[in-house]
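Feature annotation from TrEMBL assigns transmembrane segment to 20-41, 53-77, 97-123, 144-164, 184-205, 286-314, 334-361, 381-398, 418-441.
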């Protein structure tokens with residue numbers, strides 16, 4: 001018996017070591033990738049003075065990427081174990097590893113949101129207490145004090161909220177910080193992230209068509225590349241002359257920084273247009289329609305799955321999102337269509353995340369956060385990292401609530417207080433389906449109107465003429481004259 005116990009303990013120890021090595025390797029690769037991304041966007045002048053803050057932002061962005069990959073990795077791992085149940089090379093892939101990944105992402109998300117990012121922001125804005133010796137340590141002391149005050153303020157607000165909603169829980173939470181305060185706090189943060197996804201994702205789904213269209217080469221019927229390239233070249237030449245005039249004459253007062261940014265934008269646009277002009281007929285006539293059809297198919301599938309989930313919520317209790325302790329990977333597929341359905345689920349989850357990011361940066365409230373290459377200060381980088389972490393950490397709950405996947409939430413992700421409320425989940429699904437449908441209908445109608453105006457040549461009308469008041473007979477007459 002003792003020999004069996006020793007062998008079991010050794011096996012558990014080896015499994016833990018193997019899982020730790022895999023997690024460290026995965027996080028190291030993501031950390032290097034995120035560091036390269038941030039160094040591409042941050043200002044060069046702030047690299048020397050902001051190394052610590054850049055490392056903290058890189059850590060936070062790495063956790064955000066891990067949160068995005070949680071569900072795809074879990075779903076694909078289950079399908080791999082179903083396909084190769086007795087494979088020797090797949091023994092490292094098990095439920096304990098996946099469960100550990102979920103717990104680590106939850107822990108590091110809390111750590112980044114509650115401590116690391118506030119400390120990075122306070123350290124950026126701090127100068128040291130009055131009368132103290134100026135230096136790095138003085139700024140660190142001030143940042144730590146502000147962080148402690150913020151933590152006390154947030155914990156007080158959470159305690160008051162829990163006292164208003166659950167009086168017994170509030171009393172017990174005074175004695176058990178980990179069991180009641182932190183899950184309750186992160187439940188509120190996740191609810192905020194899920195509501196932010198509800199606002200950004202439908203808008204992003206409608207914006208994906210225009211964003212993808214701007215990156216691809218359109219057919220000549222929908223776009224005149226020569227005319228656009230000519231206008232961009234004239235704009236670049238005009239900005240170049242203004243910059244030369246401002247640099248040689250002291251009488252001309254211009255905003256040089258803004259002018260340089262506009263010049264760089266015009267130059268980049270001209271280079272992109274020249275590349276698009278050299279595109280092959282296959283890229284021009286086949287790539288754009290296929291991309292639009294793919295986006296339309298993914299968007300329609302998302303809406304249909306949400307509508308199907310609404311019906312399931314009315315008749316099946318298992319459609320409600322819930323948590324589970326043992327993932328039991330390799331037992332059964334989480335999709336009724338097998339491996340193909342699981343692959344579609346992974347694609348839809350990643351598509352929803354990309355759409356939410358597009359919608360977030362396209363909304364008027366967050367447009368100023370949009371990073372620019374070599375021209376993003378550290379305060380903006382901190383804001384971007386926090387925003388992306390809030391969105392990505394809410395993605396597993398968001399996907400499970402909408403019924404995109406049946407993979408139940410692992411670890412502390414399934415302990416959110418509002419997940420068991422039928423009315424919240426049902427109303428959330430209805431709002432998502434309604435907002436997405438309304439955004440798509442508006443986008444399609446505006447796109448059709450814009451292309452009709454462009455095809456009939458009415459976009460050349462003077463700006464004093466309102467195109468919305470153009471009578472239909474004028475549109476018809478213009479089209480008939482073009483045909484004749």
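Using the three backbone atoms N, Cα and C, a Cβ is placed for every residue, glycine included.
All annotation found in TrEMBL is predicted automatically rather than curated by experts.
Same-chain residues lying 6+ beyond the ends of the transmembrane segment (184-205) with a Cβ under 8 Å from its Cβ atoms: 106, 109-110, 113-114, 154-155, 158, 161-162, 169, 173, 299, 302, 352, 354-360, 362-363, 390-391, 393-395, 397-398, 401, 412, 415-418, 428, 431-432, 435-436, 438-440.
Sequence-distant residue pairs (6 or more apart) of the transmembrane segment (144-164) and the transmembrane segment (97-123) include at least 3 whose Cβ atoms are under 8 Å, placing the two stretches in contact. Sequence-distant contacts of the transmembrane segment (286-314), counting only residues of its own chain at least 6 positions beyond either end whose CB sits under 8 Å from a CB of the stretch, comprise 205, 208-209, 212-213, 216-219, 222, 320, 344, 347-348, 351-352, 402-404, 422, 425-426, 429-430, 432-433, 436-437, 440. Residues 19, 22-23, 52-53, 56-57, 59-60, 63, 66-67, 70, 73-74, 77, 139-140, 142-144, 146-147, 150-151, 154, 182, 185-186, 189, 325-327, 329, 378-379, 382, 385-386, 389-390, 393, 410-413 of the same chain lie 6 or more positions beyond the ends of the transmembrane segment (97-123) yet place their CB under 8 Å from a CB of it.
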